[in-house]
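According to TrEMBL, the protein has these features:
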type	residues	note
DOMAIN	A:1-417	domain 'Major facilitator superfamily (MFS) profile'
TRANSMEM	A:12-32	transmembrane segment
TRANSMEM	A:52-72	transmembrane segment
TRANSMEM	A:79-98	transmembrane segment
TRANSMEM	A:104-127	transmembrane segment
TRANSMEM	A:139-161	transmembrane segment
TRANSMEM	A:173-196	transmembrane segment
TRANSMEM	A:228-246	transmembrane segment
TRANSMEM	A:266-287	transmembrane segment
TRANSMEM	A:299-318	transmembrane segment
TRANSMEM	A:324-347	transmembrane segment
TRANSMEM	A:359-382	transmembrane segment
TRANSMEM	A:394-413	transmembrane segment
Amino acid sequence: MSPPVAPPGWSRWLVPPAALSVHLSIGQAYAWSVFKPPLESALGLSGTQSALPFQLGIVMLGLSAAFGGTLVERNGPRWAMTVALVCFSSGFLLSALGAASEQYWLIVLGYGFVGGIGLGIGYISPVSTLIKWFPDRPGMATGIAIMGFGGGALIASPWSARMLESFGADNTGIALAFLVHGLSYAVFMLLGVLLVRVPRTPGAADGSPAPLEGVQVSARSAVRTPQFWLLWIVLCMNVTAGIGILEKAAPMITDFFADTSTPVSATAAAGFVALLSAANMAGRIGWSSASDLIGRKNIYRVYLGAGALMYALIALFGDSSKPLFVLCALVILSFYGGGFATVPAYLKDLFGTYQVGAIHGRLLTAWSTAGVLGPLIVNWIADRQEEAGRHGSSLYGMSLVIMIGLLVVGFVANELVRPVHARHHVSAPAPKEAADVPRQQPESA
Amino acid sequence: MSHDSSPSPPDLPGRRPLIAFAWLWVGAPLAYGLYELVRKATQLFTG
């Protein structure tokens, strides 16, 4: 499939909704927990077993983004969105079959393996195209799309819950819910497939895509540069610090104020978790857009430096002031979201737009690593502290200090980022390779 | 930072309904998700 080049007069404001239709759909993955209790009771599964489709899905997200990125660059965004649509929707359809026939392995294979490929390819599918359409505001453009990934769970969580209430939580009801999800997401994502276009050369009669200009680095060369690995550390540390709060948000706020005159109820803790999701989403669009004005390196200084300060405030004064605790947690989560959304633009600044989607895909392995590291640190330390007889806010003291340390490591890595050496630059890619290439000015980090 | 112009020529007025439809397509479910989120988040202050 050749990349779809925009006809004359095509608006670049049609590209963000195309990207959003994909990201709002695949963001459903974070609402998988809605299906866990019904699956456990209908198919007699343990909590660990019912988490398998989600876990495999996230593993496949990382793998397909890392290994499929070059294919996405070569074949263009419409091909990638089509693959994402087919995989994500057929994952649900296979799961419907699995639930109806009480074959759980089909749900794991469908949602986890097949659907997971859709997650990874879908996640990176619009990134480079958006950057090419918005060379003046790449942070804002990718922020809109990546905000959609956060928004997907907000939509799916109540929607799926209401569907299960209507259809019933037995295996037939779950199968029907999976079927409706698969068909609905196919229709919803179709908008992206139909609308997405790559920019054409201004004034070109043949409608050819825009030519390559400025500093450009291939994905293969990028992973051999220190800049790639420094950014890998930056992303990994920032995400680990965010997940550290996100993973234990509800028990954390409850424990912090358990011994005070104003303890936090379970309902209020659920409200706190929802508020964190809002901060995460707002950070994706807000901070990423701000990076267009103050620069990528500076915004990561804020995420990592001010993030460490917020953690320090929680560690020192968190249990004495609820508003301070909530405010610091919200800022940390907004930095977490901002870190995700700003990284494609940072990659574009360093490596150009030639294969920025593929490079972004490879960088997402930092996310997978952080997804393991963050919960591991917080849970392991909290368990050890509990065994040692500690309670309340002292359960988290050590975790908070470790998070500050991780953010400082990320801050130092960000300081070490320099423009990529000229020996890694691509001089003149072949026309086929350049089919999905940009027209923009290079920026220094 | 570079601030070069958009790669696209000025939008044709004929595209505006399509732009409105596309943003409504993604905006409506997102608004529903945000509404549910705000409902849940208020529990922090009332719960």
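Quick reminder: no glycine exception, Cβ is built from N, Cα and C everywhere.
Just so you know, TrEMBL annotations are computer predictions that nobody has curated.
Here the transmembrane segment (A:139-161) lies next to the transmembrane segment (A:12-32) in space: the count of CB pairs under 8 Å, restricted to residues six or more apart, reaches at least 3.
The largest share of C-beta pairs under 8 angstroms with the transmembrane segment (A:104-127) comes from A:79-98, of the ranges A:79-98, A:173-196, A:299-318, A:359-382, A:394-413.
Residues 230-231, 233-234, 236-238, 240-241, 244, 248, 252, 255-256, 300-301, 304-305, 307-308, 311-312, 314-315, 377-378, 381-382, 385-386 of the same chain sit 6 or more residues outside the transmembrane segment (A:394-413) yet have a Cβ under 8 Å from a Cβ within it. Taken as a whole, the domain 'Major facilitator superfamily (MFS) profile' (A:1-417) shows an average pLDDT of 90 in this prediction. Under the criterion of 3 or more C-beta pairs below 8 Å, with sequence separation of 6 or more, the transmembrane segment (A:359-382) and the transmembrane segment (A:79-98) do not qualify as touching, having fewer than 3 such pairs. Outside the transmembrane segment (A:266-287), and at least 6 residues removed from its termini, the chain residues within Cβ reach (under 8 Å) are 140, 143-144, 146-147, 150-151, 153-154, 242, 245-246, 249-251, 253-254, 299, 302-303, 326, 329-331, 333-338, 340-342.
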